[in-house]
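K.L.:
Structure incoming, see below.
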């Protein structure tokens, strides 16, 4: 029997503010593609400005998926993301189109492309509740330290403030005796799709300037009012509010920071996030990088995808 033909997928990754949105739409037009957002926060409705969500005008008629599918108070997991995106890939391919995943949330994108398996069981609820209680009583750093003791690699990757994921890693070790980082390493070996993995990068100072300008533009567009709307709805300890762009402005509404300091912190956190994104992609994924410091590389990237996936663009007919 011949080898089963794998579905073709183009993936565009890179740090925040590097120019992924425009490139993805240009490529979708040229390659008869449809776009799947690979951003873990653009799934939330009414959180448009702070997540730099693509607008209807920017979409220019290109179908987009995994945007506005949850309310801000809803939780969302990597496992659900994986399941939904794989379904979209299948359906887009069946329509004779090319799925194009665009985004910056490394683990989410990786979970789709590789053989990541998430347990369906509820886990150890009693153990999880014990850890949640410890986090409340003794602080998140205490629970993070427990993870460092049993799984230092996961502790390095998961920030102490991401309590849910810290506890999940502890729970996996408690239940299986196996480190979450070891499980992930096993699952990172084989791609499930025929993938063209494109990364955009640019001069760091230029990128940081773009990030600072983007934050200023967000404030002009009404980020303060957007966050105030969420705050007034009583949305507090939700996964969505941990997003950069929201937690900083929440500090202002809760009188923990002046507006000037909150905006400054937002810029700092965005720059740090961009740096972490680049580190993740370089360490974890086999990316072909294109430096866009001196301008767009759309034609060059298009030619690369055509060769890698053996597809034809509208331009090459």
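FYI, residue positions are counted from 1 along the chain as it appears here.
Even glycines carry a Cβ here, placed using N, Cα and C.
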K.L.:
Can you dig out which of the ranges 39-42, 43-46, 47-50, 51-54 Swiss-Prot describes as region 'Interaction with substrate tRNA'?
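P.N.:
Here Swiss-Prot associates region 'Interaction with substrate tRNA' with the stretch 39-42.
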K.L.:
Reduce the DSSP letter at residue 18 (ATP binding site) to three states and note it down.
P.N.:
coil
K.L.:
Let me know the most crowded of the recorded positions, choosing from 20, 128 and counting other Cβ atoms within 10 Å.
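P.N.:
Neighbour-count leader: 20.
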K.L.:
Looking at the region 'Interaction with substrate tRNA' (39-42) alone, can you tell me the average pLDDT?
P.N.:
94
K.L.:
Given residue 18 (ATP binding site) and residue 105 (site 'Interaction with substrate tRNA'), what distance in Å do their CA atoms have, once rounded to a whole number?
P.N.:
14
K.L.:
List, in sequence order, the same-chain residues at least six positions removed whose CB sits under 8 Å from that of residue 17 (ATP binding site)?
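P.N.:
Result: 52, 207, 210, 211, 214, 270, 274.
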K.L.:
An 8 Å radius from the center of the 16, 17, 18, 19, 20, 21 Cβ atoms defines the neighbourhood of the substrate site; name the other residues of that chain inside it, in order.
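P.N.:
Here the nearby residues are 14, 15, 52, 104, 200, 210.
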